[in-house]
Amino acid sequence: MNGLIIILILLISLTRLFFISNYARSWDAVDFALGVLQFDLLQMQPHFPGYPYFIVGGMFFNQFMHDPIESLIMLNIVLITTTILPLYWISKRFVTERNALLITALIQTMPYLNILTIQPMSEAAGVSILIWYIWSLFVSIEKKEWKYLWITPFLFGLLMGIRVSYLVFGVGLLWCVIVDLRDHKGNKLIRFFSHFMLNCIFQLIWVWGLVSSLGGINSFMKIGWAFVEGHFQEWGGTAITEQVSLLERFIRLTFEQWIWSSWFAQSIGIVFITVITIIIGLVMKKNKSVAYSGYYLIVTMSSSYFIWVLFAQNIDKPRHIMPFTIFVFILILIKLFTYNKSTLFYSCVTVLLFSQFYFSIGLMNDYNRQVPATYQLAYYLDDIEEPFTVYTWEETRVLEYLNMPYEHKRLLTYEYFLEDIVQMNHTIFVTERLLQGFRSQGINVDDKIKEIEEFHSNPLFDPVYHDIKLYKWKNDN
């Protein structure tokens, strides 16, 4: 049985290599790709805070692959594959060897995690280092020897250099320091100062690299503040920028993004099998609690991250909630596998494991073969022979990356749009996303447009730009 599980884990790891694509499906993907070719925060290559370790990893693979998108995906694949070890080591602290292998396999075959892995985005890399980081917390707390305590600050430094939005997982560092100081026999002040300095050093490595690339601390602070201000007050999709109630955000985040998308990858079949497995596991499980205190450390960090996403992240993108999804799944599996020897339960687990494996392959194949809606728009416009200008919201970033020969512009306000087209006597196209921006400004232009074409892709792959409508502007000129 153990051998079969190991083979399945290795199979899903190798299978990812067959689905490496070179699509830059979104604004962020283009930012990362351009950053691999030439790192420049001032030119949004990538956007602040720069994701330096992710970009450096992409640069390394780009020396051999000569494609920035494929290089970033290869980095994700390698890093996710390495998490087989810490996932097993973490699980082994709670359950038997076979059950630890099953938990590892169930996480590795999660469909949406595999989709993130073959995207040129930093989430898969961030989740990978996060898993290693949590394993290091357990090691540091258990060993209580100084030679082990540097591992956690080192991995947290790597994590921040890949995904700063995972900052709240730093509560684990605080937990680790408190436990270490509690059990330390010597001078606690010196011990605390040592922890503090180690963490500062590993954070300053990547921060100072960004400061140097910008020419000084003033430029770094200026760009950083502009990004933070924009993220939390304008375009970040946070609780402040969205005009919806906190309850509505909670419902959307919980049911639409966490459960439906990031956990079940919008598959009714996976929902059904998982729910049946959990119900049978709970019914058959003996009523005993998990003894290892590390369980509650994971609970604390995961809960903190959920609150962070609820208030400070864009809940339209399920990739933002993926760390929470993974660790909640691990916590549930640990509970179910603890003191559970039911044959029926293990049969359900086996069905779930192979279902996730099969569905992951199907999804990755679809991702590799399906042309993104942004690319469909680009190619459609490229076939138009008459002169025109297309006005977009964020789609123009992809058009720019593809080096489309026609004129395309990104606009934010209706007033500027009117100023720009006043002297135009050729065809004008606008996208639905641009019109939504106009409507948010109180401008309704439905009587001035005519729908020309629609472009569609999988909303799981393109949560924001999976449906693109192109309109022709009825220009009075």
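One is the number of the first residue shown, and numbering goes on along the chain from there.
Just so you know, glycine gets a Cβ as well, placed from its N, Cα and C.
Feature annotation from TrEMBL assigns domain 'Glycosyltransferase RgtA/B/C/D-like' to 49-200. Annotated transmembrane segment per TrEMBL: 72-91, 112-135, 155-177, 189-211, 263-283, 295-315, 321-337, 344-364, in sequence order.
Count of Cβ pairs under 8 Å against the transmembrane segment (263-283): among 112-135, 155-177, 295-315, 321-337, 344-364, the largest is for 344-364. Contacts between the transmembrane segment (295-315) and the transmembrane segment (321-337): present, as 3 or more C-beta pairs lie under 8 angstroms, all at sequence separation of six or more. Averaged over the domain 'Glycosyltransferase RgtA/B/C/D-like' (49-200), the predicted model has a pLDDT of 94. Against the transmembrane segment (155-177), stretch 112-135 shows more Cβ pairs under 8 Å than any other of 72-91, 112-135, 189-211, 321-337, 344-364.
The stretches the transmembrane segment (344-364) and the transmembrane segment (112-135) are in mutual contact, each linked to the other by at least three Cβ pairs under 8 Å (pairs 6 or more apart in sequence). With Cβ pairs under 8 Å as the measure, the transmembrane segment (321-337) is packed most heavily against 112-135, out of 72-91, 112-135, 189-211.
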